[in-house]
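Chemist: The following block contains the structure, expressed as structure tokens.
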Amino acid sequence: MTTLVPASLFLLLWTLPGKVLLSVALAKEDVKSGLKGSQPMSPSDFLDKLMGRTSGYDARIRPNFKGPPVNVTCNIFINSFGSVTETTMDYRVNVFLRQQWNDPRLAYREYPDDSLDLDPSMLDSIWKPDLFFANEKGANFHEVTTDNKLLRIFKNGNVLYSIRLTLILSCPMDLKNFPMDIQTCTMQLESFGYTMNDLMFEWLEDAPAVQVAEGLTLPQFILRDEKDLGYCTKHYNTGKFTCIEVKFHLERQMGYYLIQMYIPSLLIVILSWVSFWINMDAAPARVGLGITTVLTMTTQSSGSRASLPKVSYVKAIDIWMAVCLLFVFAALLEYAAVNFVSRQHKEFMRLRRRQRRQRMEEDIIRESRFYFRGYGLGHCLQARDGGPMEGSSIYSPQPPTPLLKEGETMRKLYVDRAKRIDTISRAVFPFTFLVFNIFYWVVYKVLRSEDIHQAL
């Protein structure tokens, strides 16, 4: 009995260190495994699991495939509103285009962050809407210093895609009131391949869908605050496609056209009236002034049309230029009338001399029938009282009337008439032009402007 107790005690003491070491080793392994389980997944591993080859995500298939259409919410931030060109009827704009939609396949829980900002190169790995600008003439992306694109994925599967674009968009213009017009330019966002059964565009409702950079100014226009948002669904042979649009209202500023067109043409018309105060005998001065103003006005009118498209209707600037040209041409014709009237006395006196000469010839022929002195019969003629009639008394023409005095009177009469034309023109031309100006500006700046504002 005594020999068995020491043996068992010896066995216990021999195996105890091994058990302690084994317990410590197992405890270390448990601690390591616990720490490894609580450590978050690396971003690379997470992205590979979310949209990599092993994730089963296919960027060629839209979300909710064979289910309800994908709703894409759009909003635009305008960085700059470039030149509006009348000849080509387009405008240039630089924008941030933002699209947001939900892709349930990209929802996650494994990563602690609420959203992930991804590199633009990841755009090729996910599905994107096939948005294009229906009225686009030209566009380009921006790649300085890197691709101006943003991709953000949220925890619930929402995707935010933002891109910076410079666009040249078509803008059909109505130039009847040019340069006192208000143009409405549209921007249409449309799906290229997905019909409305697969994709729907809509404007952002929680915040302004179209924002403009603070302090944005245009050289010739004022961009009005009212921006009409709407839908422009397109129907083609291939189906019905979603489309949304925004309308920008651009009110033209007249400062440039007042300085370059209206005021110069106004001064040319006033300059043509100077000829009314120049002596009518100074024909070179008056004719030269008239022709110069006509040619200058013609050049001015041609210059105003050079920067505008060739349209079939009459514009406000065309009416102004045509009337100004008519006034300067009328001033030139006025001198032609004055010169013609002032020379009428010469024609009158020439006619009077011709008539007098004809009467004298008729009198000579009539009286010569009774003049027979050359035939020796003069002593046979008797007067009414019975006495003989001398041959010299048979024809005694009356003394000629003083034509010189009559000519001077007629010359003064017609010259006074010509001067009266100049005097009347000095009042009629400015008054008529003033009436035209009142009518012109009231119609285009008041009446038509109110009609345009009501239509908007």
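Cβ atoms are placed via backbone N, Cα and C, with glycine included.
Bear in mind that the values here come from a model prediction, so they are computed numbers and not experimental data.
The annotation disulfide bond is assigned in Swiss-Prot to Cys171-Cys185, Cys232-Cys243 on the grounds of similarity to another entry. Taken from Swiss-Prot, the feature signal peptide covers 1-27, and the record attributes it to sequence analysis. Taken from Swiss-Prot, the feature site 'Important for obstruction of the ion pore in the closed conformation' covers Leu295, and the record attributes it to similarity to another entry. Sequence annotations record features per position, and here Swiss-Prot assigns topological domain 'Cytoplasmic' to 279-283, 337-423 based on similarity to another entry. Marked as transmembrane segment by Swiss-Prot: 257-278, 284-304, 316-336, 424-444.
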Chemist: Just the number: how many Å between the Cα atoms of Leu295 (site 'Important for obstruction of the ion pore in the closed conformation') and Cys232 (disulfide bond)?
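Modeler: Roughly 50 Å, rounded to the nearest whole number.
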Chemist: Which one of these recorded positions has the most other Cβ atoms within 10 Å of its own Cβ: Cys185, Cys243, Leu295?
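Modeler: In terms of Cβ crowding, the pick is Cys185.
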Chemist: Across the topological domain 'Cytoplasmic' (279-283), what does the mean pLDDT come to, as a whole number?
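Modeler: Averaged over the topological domain 'Cytoplasmic' (279-283), per-residue pLDDT gives 87.
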Chemist: Could you round the CA separation between Cys185 (disulfide bond) and Cys232 (disulfide bond) to a whole angstrom and send it over?
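Modeler: Their Cα atoms are separated by 14 Å.
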Chemist: What is the one among the disulfide-bonded residues Cys171, Cys232 whose Cβ has the most other Cβ atoms less than or equal to 10 Å away?
Modeler: Cys171
Chemist: Determine, to the nearest whole angstrom, how far the Cα atom of Cys243 (disulfide bond) is from the Cα atom of Cys171 (disulfide bond).
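Modeler: Each residue's Cα considered, Cys243 (disulfide bond) and Cys171 (disulfide bond) end up 17 Å apart.
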Chemist: In which DSSP state, out of helix, strand and coil, do we find Cys243 (disulfide bond)?
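Modeler: DSSP call for Cys243 (disulfide bond): strand.
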Chemist: Distance check, please: Cα of Cys232 (disulfide bond) against Cα of Cys171 (disulfide bond), rounded to an integer number of angstrom.
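Modeler: So the Cα of Cys171 (disulfide bond) lies 16 Å away from that of Cys232 (disulfide bond).
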Chemist: Taking a Cβ cut-off under 8 Å, which residues six or more beyond the ends of the topological domain 'Cytoplasmic' (279-283) line up next to it in the same chain?
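Modeler: Answer is 335, 338-339, 342, 415, 418-419, 422.
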